[in-house]
Amino acid sequence: MLSLINLGLKQKKPIKKGTSILFGGIVGLAIRLSTSATDLRSFVEFNSEVFMLVLLPQIIFESGYNMRRKAFFKNASSFLLLAFVGTLISMFVISFGLMLFVKIKWVSVPLSPRDCLIFGSLISATDPVSVLAIFTELKVHRDLFMNVFGESVMNDAIAIVLVQTFLKFHKSSELTAVFVFKSIGMFLGVFLGSIAIGSFFGFLTSLLLKHTKIRDFPLLESTVTFLIAWISFFIPEEINLSGIASILFCGIINAHYTFNNMSEHSQHLTKEWIHLTAYVSENFIFIYLGLAAFSYSQLFKWELIVLSLLLCLISRFFNVYPLVWVINKFKPIKHKFQQKEQFVLWFAGLRGAIAFALTLMLEGEHGHIIMTTTLTIVFFTVFVLGGLTQPVLKKLDLAFKDEDEPLYKQKKKTRFLEFDRKYLKPFFTHKKYGEDELKALTTKSYTTPVVKQVNTYHEFNDDSWKVNIGNETINADLRSENEYDTELEDF
């Protein structure tokens, strides 16, 4: 039914998440009008563990697995800074802002420092799905797209780890220097340990597929890849680390290395299956968000809602503009973020499914109030900011034009990419022809036919191409070789 609604509103792609919310709201309202309060509660109540252990891992894993490798490496330094430092800035601005408002009695709810830190962490999780949909439709420059997308993916994992860290403290914990340093230590230990476990299982999957004949059984190959990813989630959860951070990096490693060892059928099957499960999970969360809004009795504290929304906008400003100023100091002139692009980065800080899902981990009256506040902020950002994104982009003239260069050039190779090309890729994947080998082959008498074949194949598969030269077949991986699809004309 939801798919039919989306098809009917096809000309407005960005509101598909809004459609999910509205659909859930209609169902929730119908339930509210047709059942008693007791029956209603039992009918729509959802276990938060299902969100954290079933739905969120699939969304996070898909984000890592389907991340564009070329754009990832090119923009990694900028969006990692925005994600790590920016999320911490956002969390501190919102948390300490709320503590101040509580102290001066602008907020009637007596939130503890722990409550403020938890709320500041979960509301810092951005979810710019609507914005990215418009970016795709208007063909906004992929550097801008990747920074918004990459920041969101990493930011979600960081926000989740922060919330899980603060939940471990006692409700009455006072905000002291010991508390702050202990929180930072726990966060770094959990996050780095989770990254290590996720990366280990990603590399393990790659070596398993490389050194066995499992590629002869595509269904089994895809199943093993998927199951090992889930193992990388549950092991950290069992040892009090973050399964979310672990499965994110497992997805990134799988995409960069394991993908190259799969059979062609398994590549397509795995990618589509992961995308499908994430799509269903995310829409389920948005539907439940609408369901909760209309079926539960909400505890609205309007002064808290208004001040929290204001803090979200202010924290996003301090998240984006100072850090982009630092990033621009190290970027070439033609790749610096312009003022209008910085404004879009600030504007794209929507809140969504992740922030709402994290509120389900909270208990008591304060937890209920935080959930209501989060719901209201999510609705405002999805419908108001998300709805205004397209006219804002057109007004700022950021849509792609025919005369624009279709692909940015990246002549400079980073040290990591050189190390990756020479050592990591040959060790973890079946060795493929690199850029130098392709160039050497294409400088011979069959240069033009090769380029023609490459371009023809590239139209059908955005991730890799296969070139047949006489009796020789060359496989080149776009997802891992950063320069290939940006330097075709150099052939």
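Cβ coordinates come from backbone N, Cα and C, glycine included.
Some features that TrEMBL has for this protein:
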- 21-395: domain 'Cation/H+ exchanger transmembrane' (DOMAIN)
- 21-38: transmembrane segment (TRANSMEM)
- 50-67: transmembrane segment (TRANSMEM)
- 79-102: transmembrane segment (TRANSMEM)
- 117-136: transmembrane segment (TRANSMEM)
- 148-167: transmembrane segment (TRANSMEM)
- 179-205: transmembrane segment (TRANSMEM)
- 217-235: transmembrane segment (TRANSMEM)
- 241-259: transmembrane segment (TRANSMEM)
- 280-299: transmembrane segment (TRANSMEM)
- 305-327: transmembrane segment (TRANSMEM)
- 343-362: transmembrane segment (TRANSMEM)
- 368-388: transmembrane segment (TRANSMEM)
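The list of residues near the transmembrane segment (148-167) in space but at least 6 beyond its ends in sequence, with Cβ under 8 angstroms from a Cβ of it, reads 56, 60, 63-64, 67, 71-72, 75-76, 79-80, 82-84, 86-88, 91, 114, 117-118, 121-122, 124-128, 131-132, 135, 183, 186-187, 190-191, 194, 242, 244-245, 248, 344-345, 348, 354-355, 358, 361. The stretch with the most CB contacts under 8 Å to the transmembrane segment (241-259), chosen from 50-67, 217-235, 368-388, is 50-67. Counting Cβ pairs closer than 8 Å and at least 6 residues apart in sequence, the transmembrane segment (280-299) and the transmembrane segment (179-205) reach fewer than three and form no contact. Only pairs six or more apart in sequence are counted, and the transmembrane segment (343-362) with the transmembrane segment (368-388) gives three or more Cβ pairs under 8 Å, enough to call it a contact.
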